[in-house]
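Here the structure comes first, spelled out in structure tokens, and everything after it is commentary.
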Amino acid sequence: MLKSKSAMELSKLSLLPFLLLAAVASSVAGDELRTFIVHVHPQESLAFETAEDRTAWYEQFLPEDGRLRHAYHHVASGFAARLTQRELDDISAMPGFVSAIPDQKYTLQTTHTPQFLGLNAPLPGAWTNDTSLRGSGVIVGMLDTGVFPHHASFSDRGMPPPPAKWKGHCYFNGTACNNKLIGARDFTTGNNTAAPPVDDVGHGTHTASTAAGAVAPGAQVCDDTGCSGADILAGIDAAVGDGCDVISMSLGGPSRPFYIDPIAIGTFGAVEKGVFVSMAAGNSGPEASTLSNEAPWMLTVAASTMDRSIRATVRLGNGLYFHGQSTYQPTDSAPAFRPLVYAGASGKPFAQFCDSGDLDGLDVRGKIVVCELGGEVPRVFKGQVVQKAGGAGMILVNQYPQGYDTLADAHVLPASHVDYAAGSAIKLYINSTTSPTARIVFHGTVLGASPAPSIVFFSSRGPNQQDAGILKPDVTGPGVNVLAAWPFPVGPPSSSPPLPGTTYNIISGTSMSTPHLSGVAAFVKSKHPDWSPAAIKSAIMTTADVDDRAGTPLLDEQHSVASFFATGAGHVNPVKATNPGLVYDIAPSDYISYLCGKYTNQQVSVIARRPVNCSAIVTIPGRLLNYPSISITFPTAMNSTMPVIVRRTVKNVAEVPTSYYAAVDMQESLVSVVIYPDRLDFTEPNQEKSFRVIVWPKQRNLRLVQGALRWVSDTHAVRSPISVTFA
């Protein structure tokens, strides 16, 4: 109930002037019903005792019953509803209205990893049989395509009951939920619908099982058509209200200002309430500035390879051979050589991509067909086209942008995905003889592949389009050929699952790296339950590995040294992240100061869920936010003697007394970096110290220079990437 207010008084109060601002809405037909996310703020005298009271107030904005799709209570102040443009125009004139945006679609960003990450080793403070050190009591909320609850990966054997703080629901029947899968809801069907979040896509089951190690409720905010922003916001809202500690979302969309991005709005509210958020960087690489999820309060996760290959070797008739990958591994140990043909030989435009109809008129019966990656044709579908045309096998070859990266897929016929160099040699061989032949030999799982880890071609890259002063992505993790649970069989009918009665799949994407980092965040949270989301993110970033397993710098898909716009701070090191030495913390009020430096009062108020007067706030530009990485942009015309000064503050979270000394890794002939002071002494737990980073270029006509600051003590090395760009 509303405190001391009758229904008539409520009606009058809701019409009193509070905040009248222009609507942000697309131009659509006046009578066409569409879903809009509407942000509204109640006046100060209007107090809600229950969520139902707030929902009742929301409904007063609507022209009739049945239009409300979602009511938001925790991470946004407003609702989603089906409205016409004319109706929205009427609502925008009502007191309390702030802004509205049309609903928009987001996309999914679609084993061996615990060993690869070092989580199987019985190291002090690492992932051991002591459940207190394995994310116990930490709740990870998965927002995805739902979940298949009966998979063996969600067995709760040996797990304690959910934490008492858990307030969520399970809308599966019977005992589908348990002490591991503790909740399940479907937000795609609208407000207050108790529908089970059945995973008909597979993506949600895969990501949820990847983040295993902590209890996990599963929420369906996506289907096979994509993910509605209104549903995503509802999922975040419920995750915060239900008691989640970590939210994991393997989805994203194009870069857009934070005040019209439901994900940015919702995750700000989550972080403000102490919930860590892990987000996919996107799968639009290797082109620059292709990132999703660029807000500084979220962890933006890139994708990298592992040292495992599911090997399928192509052997040519001339004796050359090339290692590739395929999840489908036929049992024929000595397949015969078969005629080899290039799909592009059909003469049809873009036939090399093996789309439907591309092989018509080309004799491929009983032959191995060479198809090229790309052309917006899914990899497995290319094999289906080859199989339908009578082909006996497929060699999938990279184009130049994909470089040396290969992916293992559950193909429907014998196949191998090979890199660009191998593909070029195979096509050269086809053109050099009248009767080219090949066979594909399968070797199963091979460990020790190198380089590993390396940044995969599809992983989206910076710079950050919303703010060049915030270096993104933040970190990278395993996102290539990740084996995890799947709700239904994959591959050809003749193949069998790894375990009787259960199904798994190997897929790739920043969708796969994101739940790995969500699990790591839960791991760190279990060790340090009082740490803020920013402190946990700092710990993950400043302890990340910058070298691969051979000790050489992380490489990209071309086997060139990868830039920070690909790697972020480096590859996650979970064990080190639990003991970082120093952390860069950020208070929610600092994010408000940052937002006030970018946006208007109205726009910041949408994100903050309350009125914000930026004229009364000292603003912080992105480069001065207390971020664990440093990103500076110089105008090209700037005199080389003019420095940029960046201030940072670190908190000691390790033993005392201790001293840290500054070390700078940067090409001094190009850019000078001076740290003042260059020594930090800590005598008390959680003591904070500030320092300045003074940066200036020493040459003209530079484009990009990257290095790092390391604070080094006897026991720790706390590393912050420094990226200097010349606009």
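A Cβ is built for glycine as well, from the same backbone N, Cα and C atoms used for every other residue.
Per TrEMBL, the features are as follows:
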SIGNAL    1-30  signal peptide
DOMAIN    35-109  domain 'Inhibitor I9'
DOMAIN    135-548  domain 'Peptidase S8/S53'
ACT_SITE  Asp144  active site, charge relay system
ACT_SITE  His203  active site, charge relay system
DOMAIN    339-426  domain 'PA'
ACT_SITE  Ser511  active site, charge relay system
DOMAIN    625-724  domain 'Subtilisin-like protease fibronectin type-III'
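For the pair Asp144 (active site, charge relay system) and His203 (active site, charge relay system), the C-alpha distance works out to 7 angstrom.
You'll find the Cα of Ser511 (active site, charge relay system) roughly 8 Å from the Cα of His203 (active site, charge relay system).
DSSP places the residues of the domain 'Inhibitor I9' (35-109) in helix, strand and coil in these numbers: 17 helix, 28 strand, 30 coil. The Cβ of His203 (active site, charge relay system) has 26 neighbouring Cβ atoms from other residues within 10 Å, across all protein chains displayed.
Around the Cβ of Asp144 (active site, charge relay system), 30 further Cβ atoms fall within 10 Å across all displayed protein chains. Every protein chain considered, the tally of other Cβ atoms within 10 Å of the Cβ of Ser511 (active site, charge relay system) stands at 30.
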